[in-house]
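Q: Annotation comment: TrEMBL describes GLU34, HIS37, LYS137, GLU138, ASN141, ARG143, GLN155, HIS171 as chlorophyll a binding site. What TrEMBL records for ARG39 is chlorophyll b binding site.
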Amino acid sequence: MSADWMPGQPALLISMARRLGEVPENLERFKESELIHCRWAMLAVPGILVPEALGLGNWVKAQEWAAIPGGQATYLGQPVPWGTLPTILIIEFLAISFVEHQRSMEKDPEKRKYPGGAFDPLGYSKDPKKFHEYKVKEIKNGRLALLAFVGFCVQQSAYPGTGPLENLATHLADPWHNNIGDIIIPSSILP
């Protein structure tokens, strides 16, 4: 089933209800935004899990150095020489501004989503059939990463200060007492 204003695309109930993609220009922008958010989530999820798996702390406590006046950033326990908060913010702002400026200069929405050229050093976009397959895999994995990140945020809200792997280990140790029911159901009503 597909919407009449979006032929060939699977219909999403929420999109159909709100008619989000009725204007073609908006639909292209929504597709681009979803793809960018998926890419950020695919970077965030391993960035959250790997340091915790290596025993380097969790993602919530990683930025505590920024709250300390004159705090120093560290990478794998080593101080970063340019690791003060203002310096890091300036570097990130300049780097992201450059990349986004390069991407936004493109008028073709398809090339804006999949720029190629310098952004495709391994040449994945050469074969159109394989490239289409990669695009489908990217959006599927991206949506999965978005859900994973939402899960990380929910578990952080439920158990502040703990990481996802720590919560998983706690749950696996005692699944009947360490689960979402602890948060949803108050212990005062349980026998």
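Every residue, even glycine, has its Cβ placed from backbone N, Cα and C.
Describe the structural context of these features.
A: HIS171 (chlorophyll a binding site) carries a helical DSSP state (H, G or I). The Cβ of HIS171 (chlorophyll a binding site) lies under 8 Å from the Cβ of ASN178, ASN179, each of which sits 6+ residues away along the same chain.
Other Cβ atoms within 10 Å of the Cβ of ARG39 (chlorophyll b binding site) number 14 in total over all chains.
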Q: Enumerate same-chain residues with a sequence separation of six or more from GLU34 (chlorophyll a binding site) and a Cβ-Cβ distance below 8 A; give 'none' if the list is empty.
A: ILE139, GLY142
